[in-house]
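Here is what TrEMBL says about this protein:
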ACT_SITE  Lys205  active site, schiff-base intermediate with substrate
ACT_SITE  Lys257  active site, schiff-base intermediate with substrate
BINDING   Arg215, Arg226  5-aminolevulinate 1 binding site
BINDING   Glu242  Mg(2+) binding site
BINDING   Ser283, Tyr322  5-aminolevulinate 2 binding site
Amino acid sequence: METYVSSSFPGARPRRLRTTPAMRRMVAETRLHPSDLILPAFVREGIAAPVPISAMPGVVQHTRDSLRKAAVEAVSAGVAGIMLFGVPEDAKKDAVGSAGTDPDGILQVALRDVRAEVGDDLVIMSDLCLDEYTDHGHCGVLTEDGRVDNDATLERYAEMAQVQADAGAHVVGPSGMMDGQVGVVRDALDQIGKEDVSILAYTVKYSSAFYGPFREAVGSSLVGDRKTYQQDPANVRESLRELALDLDEGADMVMVKPAGPYLDVLARVADAVDVPVAAYQISGEYSMIEAAAERGWIDRDKAILESLTGIKRAGADMILTYWATEVAQQF
Ligand code: PBG
């Protein structure tokens, strides 16, 4: 066999910029920073100690006390914000989600706790949705024949926005995918003089199997699915329509959710807007990496950073992730 002698060497050598860690760091196009990260956290009523969520190893349902500590820890790590979810006692769930508008409901109590603990050092956000509080597990109130009633739900959301803002939320996050929710929430906040409370709209929210572990996290007993209000994973043009509506109704920031399986949607949204864009790396995205790592199938820490870098690269200014504090502590 004759020795091969090439007559044409590559004219361009992209590998030159990958030669050393210092070189790679210098030319990196995307950089994660603690101030990109928002920690979603669950607080459960009536428990004496934090309860681990078995489908989300490393995540707990907090007591009021442990939530305060988690908030302080997040501030120390430089995390940007915290998104709070309330888990009421089962006995307090009802058809209209009364605990969600009770000023002494668990979420409102927790908002006051966290605001008292960390003040303005952390952007304090609240999930604005009824599913944690309804006995049927849907994000809204139901009609007599069991459908989710859009406009009756809006009235509940208006009231929720007001009690959450009163309790100290800097940002409310309407996440129920009811038509008109952003406009109604803006109006309700303004009516009680909360013009400064901003809205992070869950603008693009797909009906996703990856929410699975979240159901355990909030003890939701949903029967059926949310396909009549959350989006079909097959669609992207529809997301741009949701986006236009939410901006028109007064969204200050918009969110795409889930993140990982929808990076194309995230990129399209980020290209289209001039407001900050958030992406929510949801429970199933978290649990998949934790589960694979537990089995020794992937390098956990590298997979976490890669997943977050991908979300940022696709266009997210902020990322909600259950790893927020852990990742921020590495900086
Ligand atoms: C609605 C809400 C959900 C999540 C955040 N807000 C559940 C749903 O819409 O089905 C999911 C978050 C996650 O899976 O991590 N309150």
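All residue numbers here begin at 1 and follow the chain in the order shown.
Glycine is no exception: its Cβ is also placed from the backbone N, Cα and C atoms.
Close contacts with ligand 1, defined as a Cβ under 6 Å from any of its atoms, occur at none of the recorded positions Arg215, Glu242, Lys257, Tyr322. Here the candidates are the recorded positions Lys205, Arg226, Glu242, Ser283, and by Cα distance the one nearest Lys257 (active site, schiff-base intermediate with substrate) turns out to be Lys205. The CA atom of Tyr322 (5-aminolevulinate 2 binding site) is located 15 Å away from the CA atom of Arg215 (5-aminolevulinate 1 binding site). Taking the C-alpha atom of Arg215 (5-aminolevulinate 1 binding site) as reference, the shortest distance to any of the recorded positions Lys205, Glu242, Ser283 belongs to Ser283. Most other Cβ atoms within 10 A: among the recorded positions Arg226, Lys257, that distinction falls to Lys257. Applying an 8 A CB threshold to same-chain residues 6+ apart, the list for Lys205 (active site, schiff-base intermediate with substrate) reads Ser175, Met177, Gln230, Gln231, Met255, Lys257. Annotation for the binding-site residues Arg215, Glu242, Tyr322: lowest Cβ count within 10 Å of the residue's own Cβ, Arg215. A Cα-Cα distance of 17 Å separates the residue listed as 'Mg(2+) binding site' from Arg226 (5-aminolevulinate 1 binding site). A sphere of 10 angstroms centred on the C-beta of Ser283 (5-aminolevulinate 2 binding site) encloses 25 other C-beta atoms.
Calculated from their C-alpha atoms, the gap between Ser283 (5-aminolevulinate 2 binding site) and Arg226 (5-aminolevulinate 1 binding site) amounts to 17 Å. The DSSP secondary structure for Lys257 (active site, schiff-base intermediate with substrate) is strand.
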